[in-house]
Each structure stands twice: as structure tokens, then as C-alpha cells.
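Q: Annotations for this protein, taken from Swiss-Prot, read as follows:
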type     : residues                                         : note
ACT_SITE : H698                                             : active site, proton donor
BINDING  : R17, E18, W19, K20, K111, R519, C520, W565, E609 : 5-methyltetrahydropteroyltri-L-glutamate binding site
BINDING  : I435, G436, S437, E488, D603                     : L-homocysteine binding site
BINDING  : I435, G436, S437, E488, D603                     : L-methionine binding site
BINDING  : H645, C647, E669, C730                           : Zn(2+) binding site
Amino acid sequence: MAIQTSNLGYPRIGLQREWKKTLEAFWSNKINEEQFLTTMKEIRLQHVKVQQEKGIELIPIGDFTYYDHVLDTAYMLGFIPSRFSEFTSYLDVYFAMARGSKDHVASEMTKWFNTNYHYIVPEYEEGLQISLKDNRPLRLYEEAKQELGVDGKPVILGPYTFLKLAKGYTQEQFATILKQLVAPYVQLLSELHAAGAQIIQVDEPIFASLTKEEVQQAKEIYEAIRKEVPNATLLLQTYFDSVEENYEEIITFPVSSIGLDFVHGKEGNLNAISKYGFPADKTLAVGCIDGRNIWRADLDEVLTLFTTLQKQVQTKDLIVQPSCSLLHTPIDKTEETHLSTELFDALAFANQKLEELVLIHSALTQGTESISNELETYRNVHHTIRSSAARNREDVKAARTALKEEDFSRPLPFEKRYELQQVALKLPLLPTTTIGSFPQTTEVRQTRKEWRNGIISNEQYEQFIEKETEKWIRYQEEIGLDVLVHGEFERTDMVEYFGERLAGFSFTKNGWVQSYGSRCVKPPVIYGDVAFINGMTIKETVYAQSLTEKVVKGMLTGPVTILNWSFVRNDIPRKEVSYQIALALRHEIELLESSGIRVIQVDEPALREGMPLKEKDWDAYITWAVQSFLLATSSVANETQIHTHMCYSNFEDIVDAIRALDADVISIETSRSHGEFIDTLKHTTYEKGIGLGVYDIHSPRVPSKDEMYEIVEQSLQVCDPKYFWINPDCGLKTRRTEEVIPALEHMVQAAKDARSLLKTNA
């Protein structure tokens, strides 16, 4: 039996975020197109070289992108919206689709399955000519071969997942469009095979959650492709969960290899193999290293997995690989020497995970004695972190044990609370507000950097933050907003900020991962029990409230979002970690309330993304996610108004969960998803406070008052004006001041026009 090492995808951003910096330099015209393409090629080849040097045999090619791999596929297949037809060059069209332009909105952006990565949603339009517009995988395959002598493994997004992720067609059209994808995929695969590609990875993560009918439909497409490209060696790759429900059919697909996730789908995939076996004429690609977390693998557990598989699987070959692309992990832990030894030793970033694959390969091909020293080291590391004081706090355990049913609910129902809040807050009809953050200018970032480096004192930094806060309180008053925010100038990141102030968290210096486009985040590491230490937002919020007679809302990140946007310890259930965070936030919310803050927003933008892929697993997740939010927010008085915020999700799946949060007001992204949630509300009722975002803050364009008014008008057809709020889609941290002020002025004017119309029609 031949055993090979493989990788599914490598982080794009570069060890020092060179990729991000190159993109942003190009967008701001600091480098020209030639410089951009040259630098990107250098980064791309360096990533291939690293994997080659680590000993990976099947190196992914084509996983590198200038923005997003789904967008790459859309462009490659000609899924280019007609509104971008005025652009002629590849990069102009590509980035207009991703980011919008002065006159045109960008394509929608949403979460990649249940991760914190965002992809650009492909758009289908009537009359679209689907064809292979650009065989990018072929170019990159030949580049790696010529420049580095690497015969790589081209990686492409499969036709079924691609079309399932796209929008703009009816369900009745799906089968017809799917068949139209056969020809370009045949051409793509034929050209790769002709160029010498030994194996081609076709990603179909959607296979984890298909119906029987959909799997049959997908199989027919693969049979049509195989008929035209009989000799190409295809690896059908699944990840993020098991394919247990459809395994029996999937193993009959006309492909040479099948990749399964034995981390996030371990139980289901093992059950399926035990029941149905695995074809002797196919190669099994075993996703055995967690591609979504940062902890060292349990090598004993992984080797036990292979022992089990080798007893049950009569395959000719095995491939050792991560559970999914390493896109979701930082690149290398070597710079994180500031961390405690017990934590540093327990980590494995992308490069360390590649080394783990090689270790496992050695154990499988040469025997476990060949890695006996490494096995002993790994066992000691796991024992040390499991038994650490940080993971065994008695006070945290006692607080969890003491929870009672009444800790998870507000005293009065929403309608009665809202009446009391209206009396207390005295807000107009259709109140206006923002989501929380204001522009983090170069000056803000530079001043924070100087403070962190000890160049300026704590007092100087606090004075600067107060100056920025007062400036934006005045801007908000002049614009005419009804509920103000302090602006969050003291925060780098909405999760990192809280993690730095809670027990149980640690932070990397260079643990960046891509969120969307050039936007990178540095997730906190939850390595121990989470507990409240001191007030985290009191000082800045109370100061902002002291500057104005208007209501200022406190701003917190919710427990489920902190959980889902962190790298989380894997020794206890995620539910328990979420409850620990909720208890800490509950303390903070009580402090805000006792300090006179009457509106408190607890953001949960990541609630939806944490949902399991399989519908049968949704209820369990939603139950503890909602309970976590309620645990954090339910101890306040009825007169205190709790807000929450969500963005970029498939909301129709969680309308009931949103309702169960029992927030007094929820603000939701609407504009970039082109009114999708408004459509959802046409088929259901939402009887609590709600603000549907009236403009897309991820695009630099300033929308007109009329555009926003149109969204307000559409929203009021499905929402009760008594409970309706007007706000942007998300926080304004990434926008420039000259974009923010006119956009908010237009928004306030749209609100005034809507109020006038409502009064006229009353």
C-alpha cells in the first residue's frame, strides 16, 4: 500500500501579511499592476516552496488567490454580473465584483460554511454565457512546474458546491445550469490532464449536507464529466463534516480518490466505512489533522485512527492530509516565544501541521518506533496543558454549577419591556443609530502602536482616546443620530479587546488568518477557564455618555461570537466555554447598567456561522448558543434596552433563534445581500425591535439618500414601524471619515423622510 502526504490548501496571507499589504498598496495606487502581479507571484511560489521543503508530496496549486477562491471560480466560468460590463481588464472586473465601484454595488459576501472566512457569492443572470473564460489552475500548475520543478496538485472548487453557493436562479433552473457547467469543467480538467497533472483535487464541501436526490444529481454531473475526461485522476474532496448519510452513494462516484474529514466528521465517516467499506480501486484521503484549530494533534489518537481504517479499508493507497485547507490557521508559531512554555508547546500552526503530517507518514511507513521520541514529547505536552491551573479553576466551576433556570430569562416579556423603555429613552419613531465602531484612522492606529511600544504614556493615550470620542460624539449630534456610540477607538478587534481583559485567553503576535479580501484577523486563543477580572468598557462608555444628553449605548461582543472567532481549547465542549464567557459578560453588563448606561448592545455576528452543517445537529447548537446570550443579558432591569447585531449570514435558517434571543432590538445586514432578509420576513413575523441595515459599509461608495430610503420603504412593508430602527449594515471601523459622514447624513435624511410619510399616512 502506497501512502502519500498531501495538503488541501495553504494560508494565502504571507508570514508577515505580505499578501494583504500588496493588495492594499495596489488598491491605493501605491504600486502598479506589473509590480502587483510580480509580488503576488513571488508570494505564491514561496508558499509552494515551503510545502515542498516540509516534505509534502501532493502540494496544492490554485488555492492561492488575489481575493477569494470562489470569486476566482466565478470569474473563470464567466459568472460576471452585467453591471460590471464597463470594466475590461481582468483585475478591474475581478476587484469590482469583490469590492464594488463608485457606481456599482459589490457582489454579496457571506460565510464559507461554518467558518469565519467569507466568500464572494457568485451571481447568475439570465442569458449568462457559461464557459471557461480563463484556465487559471492550468497557468498556476505550469508556473510551479517551470519555476520550482513541482508537479503540484491543482485544486478547484467542484461544480455542485459552486452552483449551490451561487444566487440569482430559481430552483427550477438549477438542473439546467448545472448541466451547462459540464463543458467548462471538462475543458478545465482536460487541459490540466494534458499538461501532466497527476491528480486534481475537486472540492465539494457541500456534500456533507445534501439530500439523497441532490447526491444523485451530483453523481450524474460527475459521470458526464468522467465520460469526456476518462483518464484524469480526480480526488473528490469533502470537509467540515462527515458524508455519512450519503456515503454509500458517494463512494460510487467515478473518481479515483475520495477525501474525508476524520476530525470534524470522524464518528460519522467511521460509522459509514464500518457499514459499507471502501472501494478497493479508490484511494482514501484521510483528513486526520485539524485544519481549523491551532492545537498539536494527538498523535496516538491519529495513529489509532489509521489502525482502525487499515483493518476496514482494502484500498490500494492512502493519503495523509489535514481535515480541510490550512487557510483557517496562522502560518507559523515560531515567533510566538512570548507565550508560556505550556501554551507554546501545545500549539501547531500551518507549518507545524505539515510537519505533523510527515511524522504520521513516517509512523505508518516505518513503524511507530521511528517517531518514538516525538510521540513521548507529544504525550508530555498534552498532559501538561490538560493539568494546568488555568484549565482547572474552582471558582469558574462553582459559578457554572450554581446557575438556575431564572438566570436565562428577562423578568417581563418584550412588549411590556419595550413600553417601559420608550418612556425611559424618549426616542422618536424610526430611531437612527450606528452599529458601534467609527473609522480607525492612520492616526488612531499609529497612536495605539506608540502606546503599546511605550513611546507615549497611558495618560497621553487616554487623552487621545477621549479626544477622538468627543469628536465623534459631536459629529453624531450634528448628523442627528438618535442613539450614539463612543466609537471604539480603544479597540483593535471586537473579540481581541475582550479577550485581553478576561482570564483564560492568550494572544499571538503573528497569528493572523484571512477573514475576507485583505481583511485579516488575529483570533484570541482560549486556552483556560474564562473569568471576569475588571470592568472592560465602563470608562470609555461612561465618558462618552457624560458628553451628551442623547443616549449612548454600551458595546460588547457576545459570548457565541467570542467563542466562534477564537481558537478554542478542545478538551471540553464548546458549550461550556460559551457559558463561561457569558458569565463574565453578565458581570460587565451589570456594571454598565449600574453606571447609568440604558442601552447595551451585545453583538452576535457569528451566531449563524457556528451552526453545524447538518440540519439534524442544528437544534442542539442553537439551544446552547441562545442560552449563552440569555445568560449574558438577562440580569438587567426591564427599562434597560438590550440590542444585538448580526451580519452576513443565511438568516432564514435562524429566524426562530433570533426571536429566542429575546433582544429588545436586533440590527441585521440587509443591503449587501440585496434584501434577502426582507424576503424572509415576508413569510414570517418578527414582533420585536429590528433594524435592517440600509447601506453596505464594506464598499467605499457613499450611497444616496434615495437608495437608503428605498430599503427603509421595503422594510416597512414587513416590519412594524413602532419597532423599526434605521442603521448601517455593520460597524464603520474600516471606512474613511469622508465616506462615513455623508453616508450617515443621507441615512438620517432617509429616516426623516420616512417619518414624514408615516405621519402623512397616519
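Glycine is no exception: its Cβ is also placed from the backbone N, Cα and C atoms.
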Q: Taking the mean position of the Cβ atoms of I435, G436, S437, E488, D603 as the L-homocysteine site, which residues outside that list, in the same chain, have a Cβ no more than 8 Å away, listed in sequence order?
A: T434, V485, M494, M555, Q601, H645, C730, G731, K733
Q: Work out the three-state DSSP category of H645 (Zn(2+) binding site).
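A: Note: H645 (Zn(2+) binding site) is in a strand by DSSP.
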Q: Expressed to the nearest Å, what is the distance separating H698 (active site, proton donor) and C730 (Zn(2+) binding site) at their Cα atoms?
A: 8
Q: Going by C-alpha distance, which of the binding-site residues W19, I435, S437 is nearest to H645 (Zn(2+) binding site)?
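A: Closest by Cα: I435.
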Q: If you count Cβ atoms within 10 Å of each one, which of the recorded positions H645, H698 comes out on top?
A: H645
Q: Nearest to C730 (Zn(2+) binding site) by Cα, among W19, K111, D603, E609 (binding-site residues)?
A: D603
Q: Among the binding-site residues listed here (W19, K111, C520, E609, C647), which has the Cα closest to the Cα of D603 (L-homocysteine binding site)?
A: C647
Q: Can you tell me which of the binding-site residues I435, G436, C647, E669 is spatially closest to K111 (5-methyltetrahydropteroyltri-L-glutamate binding site)? Compare CA atoms only.
A: C647
Q: Report the same-chain neighbours of W19 (5-methyltetrahydropteroyltri-L-glutamate binding site): residues 6+ apart in sequence with Cβ closer than 8 Å to its Cβ, ordered by sequence.
A: R12, I13, M40, I43, S518
Q: C-alpha of S437 (L-homocysteine binding site) to C-alpha of R17 (5-methyltetrahydropteroyltri-L-glutamate binding site): distance in Å?
A: 24
Q: Mind telling me which of the binding-site residues R17, K111 has the densest Cβ neighbourhood, counting other Cβ atoms within 10 Å?
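A: The residue with the densest Cβ neighbourhood is K111.
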Q: Could you list the residues of the same chain, at least six apart in sequence, whose Cβ is under 8 A from the Cβ of E488 (L-homocysteine binding site)?
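A: E488 (L-homocysteine binding site) has long-range Cβ partners G436, S437, F438, M494, Y497, M555, G731, K733.
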Q: Would you kindly give the Cα-Cα distance separating C647 (Zn(2+) binding site) and E609 (5-methyltetrahydropteroyltri-L-glutamate binding site), rounded to the nearest Å?
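A: If we compare the Cα positions of E609 (5-methyltetrahydropteroyltri-L-glutamate binding site) and C647 (Zn(2+) binding site), the gap is 10 Å.
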Q: Cα-Cα, whole number of Å: R17 (5-methyltetrahydropteroyltri-L-glutamate binding site) versus C647 (Zn(2+) binding site)?
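A: Here the two Cα atoms lie 25 Å apart.
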Q: Fill in the CA-CA distance, C647 (Zn(2+) binding site) to I435 (L-homocysteine binding site), as an integer in Å.
A: 11
Q: Compute the C-alpha separation of E669 (Zn(2+) binding site) from I435 (L-homocysteine binding site), stating it in Å without decimals.
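A: Pair distance, Cα basis, whole Å: 10 Å.
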Q: Let's check the environment of E669 (Zn(2+) binding site): how many other CB atoms sit within 10 Å of its CB?
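A: Around the Cβ of E669 (Zn(2+) binding site), 27 other Cβ atoms lie within 10 Å.
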